[in-house]
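Step one of this worksheet: look at the structure below.
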Amino acid sequence: MPYEIKKVFASLPQVERGVSKILGGDPKGDHFLYTNGKCVILRNIDNPAIADIYTEHAHQVVVAKYAPSGFYIASGDISGKLRIWDTTQKEHLLKYEYQPFAGKIKDIAWTEDSKRIAVVGEGREKFGAVFLWDTGSSVGEITGHNKVINSVDIKQTRPYRLATGSDDNCAAFFEGPPFKFKFTIGDHSRFVNCVRFSPDGNRFATASADGQIFIYDGKTGEKVCALGESKAHDGGIYAISWSPDSTHLLSASGDKTSKIWDVNVNSVVSTFPMGSNVLDQQLGCLWQKDHLLSISLSGYINYLDKNNPSKPLRVIKGHSKSIQCLTVHRNGGKSYIYSGSHDGHINYWDSETGENDSFSGKGHTNQVSRMTVNESEQLVSCSMDDTVRYTNLTLRDYSGQGVVKLDVQPKCVAVGPGGYTVVVCIGQIVLLKDQKKCFSIDNPGYEPEVVAVHPGGDTVAVGGTDGNVRVYSILASTLKDEGKLLEAKGPVTDVAYSHDGAFLAVCDASKVVTVFSVADGYSENNVFYGHHAKIVCLAWSPDNEHFASGGMDMMVYVWTLSDPETKVKIQDAHRLHHVSSLAWLDEHTLVTTSHDASVKEWTITY
């Protein structure tokens with residue numbers, strides 16, 4: 001096998017303000033799962049760096065839940081499709097697919113024998129359905145609500161009971177199977193966001209945007225108590241999760257705290273303050289074995305510490321929005337990956353362990369378009385917020401100093417020796433020296449798109465939407481057009497010099513990579529065909545003999561310079577999402593990022 005996946009650094013959950021996010025637990029207690037875009041992400045709870053991504057939904061997935069048997073997962077998307085798929089094999093084969101209603105699926109519940117499934121959401125003609133998992137035959141009706149149903153749960157002991165919570169401020173109670181509506185519960189004054197039965201089936205709890213949690217008898221549906229008497233939280237409550245022994249309840253709220261409740265004596269055991277920023281609102285939670293997890297509005301997953309509520313044991317960071325660019329850098333004997341996303345967030349990853357964090361301080365406020373590392377160990381990034389930032393990679397702290405404000409929006413940045421940085425903006429090429437603007441070409445006569453600086457530092461290649469690459473010289477802090485026009489096969493999407501400076505690779509929107517030989521006056525060396533859609537990124541291997549290209553066809557090719565027929569093809573590198581950026585950690589390790597917000601490492605063998 002010429003390639004194999006080495007590491008997957010998964011995306012964070014996709015979250016929305018004021019909407020609860022469901023974390024699904026694995027009955028064995030080893031994994032947890034959540035959704036982002038069209039992906040379902042399964043992670044090991046003890047070592048979250050171990051992840052698996054399921055990408056077979058055609059639409060955005062909202063919720064995924066393990067069957068109590070642990071052998072299958074049911075996942076539902078915004079179109080109303082429910083897919084039931086195998087968890088035991090890497091291929092995740094589809095077992096059944098149903099369309100219980102047309103509209104967003106918001107929650108899923110299984111009976112303890114893994115034979116029946118309840119699905120709720122915002123359908124057009126009904127808000128819920130309950131059916132047999134293998135035939136799809138109905139085993140009851142979910143009625144009694146006149147607005148979207150947000151949550152459903154089924155008692156895990158016989159006799160079965162089913163409870164729902166809705167935007168009509170009510171919960172509803174059902175007996176079955178076949179499940180029949182018994183009564184509505186009108187104790188809440190705002191949307192009911194979450195209903196959950198305790199594992200032993202004796203009680204169920206409802207949580208609402210009014211900040212209250214009510215406990216009811218699991219068999220009869222009679223009210224037992226309100227947690228915290230009048231109010232459980234100062235803000236809306238988005239999620240609740242029972243402890244495995246059914247005595248305690250974990251709650252997550254918009255008041256930026258999570259709490260553990262002792263349900264038997266109706267008191268708070270611990271309060272976890274998560275911060276003061278709006279991004280610290282808590283939208284989801286999960287209690288699995290000894291692990292207490294919560295999701296913040298930032299998308300971060302917090303491992304809560306019962307012994308020290310003020311500080312989480314660990315926080316899983318990463319990206320929840322599409323990654324636009326990446327670069328790699330060795331620091332203190334370790335290789336780090338830096339990735340920048342659509343929301344301006346830059347994250348750094350230890351390439352071996354997957355340990356990661358974001359820079360401290362206030363950084364870019366809009367999409368990070370391109371990043372590279374200069375000779376003084378600074379990360380140079382350009383963003384749609386019209387700035388170029390220089391960030392010290394030892395301190396990893398955004399400072400107020402290293403920011404250059406530009407007149408127009410930058411699209412690409414490249415660095416060379418001597419403190420030079422070349423920035424391609426909309427209709428402008430800017431030369432910076434030592435973080436100061438020293439020269440610019442306004443109205444170059446074409447639309448520049450991408451830029452690369454020769455390792456020697458004296459030459460700059462700029463690719464344009466007109467399908468040409470122009471070569472400039474850096475002379476005494478100015479850019480001089482050498483009058484050299486290199487023709488690509490279509491609008492240029494990326495340019496890259498090999499590390500020894502001998503070759504320039506150019507990729508274009510016409511699905512072709514052209515390599516020019518620098519020493520022979522930029523004569524055409526070879527042309528590489530294979531992609532089925534626009535190529536968007538290029539990266540040279542440190543051996544200068546191979547280079548990789550990634551495109552909108554979800555494919556990555558690793559090409560051999562001397563022979564275009566000898567290539568490694570990584571099909572579906574990021575399934576259903578196009579590859580956005582590439583970089584090499586060493587001669588045999590390639591890193592790819594994509595709009596699915598994940599980072600992957602591949603081992604390439606020739």
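Cβ coordinates come from backbone N, Cα and C, glycine included.
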Record feature N6-acetyllysine (Swiss-Prot), assigned residue among K155, K231, K480, K484: K480
Annotated residue, phosphotyrosine, per Swiss-Prot; candidates Y72, Y96, Y238: Y238
Of the residues K95, K219, K223, K489, the one that Swiss-Prot lists under N6-acetyllysine: K95
Long-range neighbours of the repeat 'WD 5' (180-218), counting only residues six or more past its ends (CB under 8 A): 20, 140-145, 150-157, 161, 163-167, 169-174, 224-228, 230-242, 244-246, 249, 251, 253, 255, 261, 263
Shortest C-alpha distance to K81 (N6-acetyllysine) - which of the modified residues K28, K95, Y238: K95
Which of K28, K81, K95, K115, K480, the listed modified residues, has fewest other Cβ atoms within 10 Å: K28
Distant-in-sequence neighbours of the repeat 'WD 11' (480-518), which means Cβ under 8 A and at least six residues beyond its ends: 449-456, 459, 461-473, 524-540, 542, 544, 547, 549, 551, 559, 561
Close in space, distant in sequence - Y238 (phosphotyrosine), Cβ under 8 Å, 6 or more apart: V19, S20, K21, N193, C194, A207, A252, S253, G254, Q282, L283, G284
DSSP-derived helix, strand and coil totals, residue by residue, for the repeat 'WD 6' (224-263): 0 helix, 21 strand, 19 coil
DSSP three-state assignment for K480 (N6-acetyllysine): strand
